[in-house]
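Here is the structure we will look at.
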Amino acid sequence: MHREKWGTKLGFMLAAMGSAVGLGNIWRFSFVAGNNGGGAFLLLYLLFVLIIGIPLLLTEVSIGRKAESDVVGSFQKLAKGTPWYLTGFFGIISAFLILSFYAVVAGWAIFYFWNYINGSFFTQPAVGYEGAFGQFISHTWHPIAWTALFMILTIIIVLSGVKKGIEAANKIFMPLLALILIALAIFSLSLDGASEGVKFLFQPNWSALSEPSIYIAALGQAFFSLSLGMGAMLTYGSYLRKENKLPSAALGIGLMDTFFAVISGLVIFPAVFAFGIDPSSGPPLVFITLPSIFEQMPFGGIVGLVFFFALILASLSSSVSILEVPTAYFMRVFGWTRFSTSVLMGSIMFVMGIAVSLGFGIWSGITPIGERNILDSMDYIASNILLPLGGLSMALLVGWYFKKSEALESADLSSSSIGGFWYFIVKWMAPVLIVLIFLNKIGIIF
């Protein structure tokens with residue numbers, strides 16, 4: 001079966017950036033940074049992106065390009081006759097788990113976008129923004145309809161192919177998202193009292209560096225922010241031509257991902273502080289705090305509309321890469337067409353998403369893991385267990401299974417002065433640090 005290829009190296013980089021830049025960049029990064037010492041966290045995060053994130057990104061993409069296969073097929077090809085390929089299923093399973101809840105949250109963003117288009121969220125609803133959000137997500141079928149719309153958009157892009165679907169979409173999404181976020185950041189910084197938000201984000205609180213937890217938080221953020229461990233980057237790498245050089249691409253993707261995280265912080269925090277609101281994280285920040293801020297702003301209705309449009313773009317660029325992981329695998333194994341495979345995979349994820357959505361309403365009493373609802377339980381398994389294990393298996397394959405010369409060649413670093421440093425990171429540092437992230441996430445260490 002002929003393997004599809006990217007049209008251009010830039011097309012690959014924009015698609016990979018799209019995969020990395022998602023909801024987490026927009027709502028999680030700023031909160032984690034602000035709560036972990038602001039500028040001190042930012043410096044640590046940048047350091048970890050450079051010494052762990054980008055080398056691991058290069059590792060994952062190099063496996064895909066070398067094998068020219070999906071996340072399971074790559075291990076089967078490169079570690080023949082070993083059970084190594086089984087670790088590829090961490091990626092397939094995590095893709096199903098992650099997209100089934102990701103689509104639900106992205107559906108909420110489309111609902112908000114619609115409510116800004118028709119003007120009903122320009123002013124506070126009678127029950128308040130918190131009440132409106134609670135009523136909406138606990139409704140039985142309403143959020144599911146918006147989830148369905150988001151999944152349909154995702155499926156359409158993936159079934160259109162690597163070049164005509166994923167690459168073409170990201171060539172529009174990523175520049176547009178960058179322009180929107182820069183414009184929103186400039187507006188946010190112009191508000192009275194915005195400087196407090198800038199301080200919260202950038203002023204280093206050096207005493208925070210004495211806390212072990214800040215190192216783990218920065219390390220985890222660097223790992224998760226680049227969408228490593230699932231095989232999305234590996235799958236995208238498998239569509240690269242051999243002549244495309246990987247180190248410059250990995251560096252560009254890592255730096256642009258960081259740019260998006262920081263610029264999102266500059267959209268959110270100056271506004272939050274300008275209106276004297278306590279910063280929070282995740283869905284409450286985006287769906288309750290920000291709409292109440294937009295209401296008090298000049299041109300707030302338009303700002304809200306543009307912000308939720310940006311959120312949809314960021315969600316779509318990521319969801320496409322997640323759906324591509326199982327699509328590529330099942331197309332190869334069963335010889336199905338891209339059309340039928342992406343529709344089937346997307347439909348299964350949508351059905352799983354129904355359970356996630358009902359977990360905020362009639363199934364809110366169901367807590368599969370401890371006190372966690374359905375969404376948080378899926379997130380816990382995928383983010384805290386499967387992704388670190390997936391990332392670990394890739395680092396071990398390249399660092400320990402490959403010969404050093406083979407590893408350097410696959411990453412285009414044979415004649416590079418930094419080749420030895422990269423190899424040392426992948427062989428020794430990355431496995432240790434990923435194990436630390438894993439132990440921290442499952443609650444064994446600090």
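Note that Cβ sites are derived from N, Cα and C of the backbone, with glycine treated the same way.
TrEMBL labels come from automatic prediction, so no person has curated them.
Record features (TrEMBL):
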type	residues	note
TRANSMEM	12-30	transmembrane segment
TRANSMEM	42-63	transmembrane segment
TRANSMEM	84-114	transmembrane segment
TRANSMEM	144-162	transmembrane segment
TRANSMEM	174-194	transmembrane segment
TRANSMEM	214-237	transmembrane segment
TRANSMEM	249-277	transmembrane segment
TRANSMEM	297-323	transmembrane segment
TRANSMEM	343-366	transmembrane segment
TRANSMEM	381-401	transmembrane segment
TRANSMEM	421-439	transmembrane segment
Subject >> Leading contact stretch, 12-30, 343-366, 421-439 vs the transmembrane segment (174-194) - CB distance under 8 Å >> reply: 12-30
Original post:
How about the transmembrane segment (343-366) and the transmembrane segment (214-237): do they have 3 or more C-beta pairs under 8 A, pairs 6 or more apart in sequence?
Top reply: no
**OP:** With pairs restricted to those 6 or more apart in sequence, evaluate whether the transmembrane segment (84-114) and the transmembrane segment (297-323) have 3+ C-beta pairs under 8 Å.
**Re:** yes
Original post:
Between the stretches 42-63, 144-162, 297-323, 381-401, which one has more Cβ pairs under 8 Å with the transmembrane segment (214-237) than any other?
Top reply: 42-63
**OP:** Quickly jot the same-chain residues contacting the transmembrane segment (42-63) by Cβ under 8 Å, restricted to those at least six beyond its ends, or write none.
**Re:** 16, 33, 74, 78, 201-202, 204, 209, 214-215, 218-219, 221-223, 225-226, 228-229, 231, 233-234, 236-237, 240, 246-247, 249-251, 253-254, 257-258, 262, 391, 394-395, 397-398, 410-412, 422, 425-426, 429-430, 433
Original post:
Under an 8 Å Cβ to Cβ limit, what residues of the same chain, 6 or more beyond the ends of the transmembrane segment (421-439), are close to it?
Top reply: 51-52, 55-56, 58-59, 216, 219-220, 223, 384-385, 388-389, 391-392, 395-396, 398-400, 404, 407-408, 411, 413, 445
